[in-house]
Structure formats: structure tokens, C-alpha cells
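To keep things clear, I will list the structure first and then write my remarks on it.
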Amino acid sequence: MVSEITHQSYPLHFVLFPYMAQGHMIPMVDIARLLAQRGVKITIVTTPQNAARFENVLSRAIESGLPISIVQVKLPSQEAGLPEGIETFESLVSMELLVPFFKAVNMLEEPVQKLFEEMSPQPSCIISDFCLHYTSKIAKKFNIPKILFHGMCCFCLLCMHVLRKNCEILENLKSDKEHFVVPYFPDRVEFTRPQVPMATYAPGDWQEIREDIVEADKTSYGVIVNTYQELEPAYANDYKEARSGKAWTIGPVSLCNKVGADKAERGNKADIDQDECLKWLDSKEEGSVLYVCLGSNCSVPLSQLKELGLGLEESQRPFIWVVRGWEKNKELLEWFSESGFEERVKDRGLLIKGWSPQMLILAHHSVGGFLTHCGWNSTLEGITSGIPLLTWPLIVDQFCNQKLVVQVLKVGVSAGVEEVTNWGEEEKIGVLVDKEGVKKAVEELMGESDDAKERRKRVKALGQLAHKAVEEGGSSHSNITSLLEDIMQLAQSNN
């Protein structure tokens, strides 16, 4: 057992660097706990506000005996041109702050270097979010391997890799609306340029940031991926080959949350009472509820959110609708009240204004569908719970995830969104799916057609495979063992 080796021979010490955004931090905290369960000493480096988000979950883990510690560093906000006190991606109020935020999180090299000089035992490996490219310099200085974590699936990572190697495909496109086929892919898949991460032209400072990220990717020792072999075997195999064997699929990492409190508080404390939420779900028929959540950084204009709400109402199906970033959606709150929407749907619609206990909700027997923005965390949680997906991608890797879910795995239905909704440009795009389109998509997903039944059957089977993957002897469990053995050999050869 690797856990025995780490205790008896050379104590492994992994230092984890999560990017300061909710969707990036959540799986990284899960990874910390998974590795600590194998006897690896874990140090998480983050800022005070981000540490506070996960205080309850990590405190329970530490109290249970897991060797996890958190080191807090001050983000140089003002030096990078940010307002004082901004430490999280979600707290950015405008597009203009994105570049300063990226610069700020990558100005931590000097304080982190000092931390490494004082750490004991000496770190044997870095696991870093791909956005924090400065960690490559730390790894090089201290002669330790750096493992990248992208937070994406193998399908998306392979797509990005193939297009980097065949850049003429993107260069020859006449417009951002022109479709192209990804070459050398196990399945025929078409995209437009904006639908692929880092494929569009980036002006000014953004291009420099991208180049730093790509260079850090090239110099990394390997990659861990929050997916499982059985979900996307062809893509996992091809991506591992592209990374010269140094790619380990270790997910779904969310399944390390076995205690009810950990599930309820994964990512943040829920803004609804857990018992109230479960009581509402208990009152609904099995498989009847549509869970609706467009992510922690929902960039959807008010006009579109109104159409979504009216479509949910006209579907006549029970639903839970999570509206996050609530302080940014005051106009929607007013519409809920003034239009009578909240009153009309009160008997079959539960509105959660803020953070929801998503894992608990998806695991409930009354939930039969998940309308999602296709962020990889949410996509994987839905599949792991055996829930078919209604896809509504917005940005970055989410269109890749939609293609995987709808075209390759055939466990989802597209709501019809094909245009990227860039932050700050929501109102320009306006309504992409009207209320009739929403109603039609909900019926297609939740109905009793042969296709709907087949989707439910397929996603249930994939959910069962997810649970087997993380059990002892499963593919993801074995890959964690393989990763630790690899790093152990490196650590011993360096000492």
C-alpha cells in the first residue's frame, strides 16, 4: 500500500495551489482530502477569504486525523491594480478587473518561495491549478515535480491539445460562426472557434497571460483529471498518450464527500436550510423534479432569465431553481415579485437565492433532470448521480462538455444555446432560448419517449461506474496509487 510506504519510508508532502475561483477550489479541496486519506501530508496555499470558504469541511477533515494544513498568503490586490479586499474571482465586478486579478494571483511567487524554504518535511510535489503559472518557477527552483490540474474533462483537454498541434485549422476559419471538425478525434465533433477554450484571439495582456499558461503546461511533469476512465475511455487514452503517459484520471473527486454535512457544504455553506430543502423534495414524486442551476458565475441577461422562468412555469413540472450571485440579480428578484411569478409557482417551484446543497439535491430520488451550464464540476456531479442533463453552456469549456454529454455519451439534451455569452456582453446577445424553447427542451428531457428512457438508462449506468471507479481496485483509486508511486520514486531518487 502506498499509504504504508509514505509513513514508513519517505513521507510524501504535496503542496496544493487552487485558483481563487469557486469552480476551481471545490475539486482541489476534494483532491486534498483524497490524497490525505492515503497518508500524504497536504499543505493548501490560498488567501484568507478563500480559506474561510472551506473552513468547516477542512476542519472536519483535520479533526478526523487527516494530515492537512492550510497556509494563508496575502493577495497583492492593490499592487496589481485591484480594489483592496478582492481575493476571489466571484468578487470581480467588471471585465476590466480580470487581467489585474490574473496578475495578482501570479504575483505570489516571492512569498510562496519563502514558504517553501521553511516547509517541513520538504515538499515532494506541487499540484497547481493551470491558471497559476508562477508555480512552475517554484517547482524548478526547488527541483520538485509539478502536476497540473485544469478542472476539465479529457474530451476538452484533448480538443485543446489537438488544435494547438494543428493551429492552421483555426487560422483558416473565415469567421467565428464557421464550424470546423476536430481532427484525429474518436468521434466526429464540430465547433465554432469561440466554443473552444483559448481558441479565439486574445488582445493585449490576455495574450501574454495565455502564453504563460501554455508554457507552464508544457513544462509540467503531468496532469491529474477529474474524470474516470469508464466515462470517456477513448479520450482518456488519447490524452494520456499525448502527455507521454503522465495523465491520471482520479475522479469523480466529489465522491470523497460521504458525510451529509460535507455534501451540504461542498463549496460553501448553503443559503437554504438543508432539512427544508429535503422536506420539499420528499413531497415530490420520484424522478419528477428538474434541478436548474447555471453556475456560480451566471452570465445570463435578465431578459433570458425571464424566458427561462416562464418556460419552467409552462412546463408544469416541479423544479428547483438556483440563482447565484444574488446581489447581482436584484432586477430578477423584483421581477419574481412584481410579475407574480414566485406566487404562481410556489406550490411546485422552489427558488434558492444563493448557494445550494447541490450534491444532496442531485442524490435525491425525486430529481429526474438537471438543467446545467455544463461547468465540468456540475456536469460530472449530474452524471455521477445518474441524472440526465439539459445543457445550457455559457463560456470556456462548457461547450466542449455539452458536445460530450449530448453527442458522445448521449445522456443529455441541448437547450439550443450555440452562442458564447461572454462576461460583460450579456445584453448584446439577449434571448437565445425563448419560453417555448425552454418548455420543449424540458419535455424532451423529462418525458416518456423512447429516447428519454434510453438517456436515463445510460446515465444511470455511467453513475454506477463512477462509484465503482473510486472504490478500492477501481480505475480512479488505482490511478491515485500509480501517481503516488511515481512521485515516491522521484522523491527517493532526489534524496
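Note: Cβ is positioned from N, Cα and C throughout, glycine not excepted.
Annotation comment: Swiss-Prot describes His24 as active site, proton acceptor, evidence class similarity to another entry. DSSP assigns His24 (active site, proton acceptor) to a helix. Sequence-distant neighbours of His24 (active site, proton acceptor) (same chain, 6+ residues apart, CB-CB distance under 8 A): Pro18, Asp129, Cys131, Gly151.
Note on Asp129 (active site, charge relay): other Cβ atoms within 10 Å of its Cβ, all shown chains, come to 22. The active site, charge relay annotation in Swiss-Prot covers Asp129, and the record cites similarity to another entry as its basis.
According to Swiss-Prot, the UDP-alpha-D-glucose binding site annotation covers 23-26, 355-358, 373-381, 397-398.
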If you count CB neighbours within 10 Å, which one among the binding-site residues Gly23, Pro357 has the smallest count? Gly23
Return the residue, from the listed binding-site residues Ile26, Cys374, Leu380, with the maximum count of other C-beta atoms within 10 angstroms of its C-beta. Cys374
How would DSSP class Pro357 (UDP-alpha-D-glucose binding site) in three states? coil
Which same-chain residues, if any, lie at least 6 apart from Gln398 (UDP-alpha-D-glucose binding site) yet have Cβ under 8 Å of it: His373, Cys374, Gly375
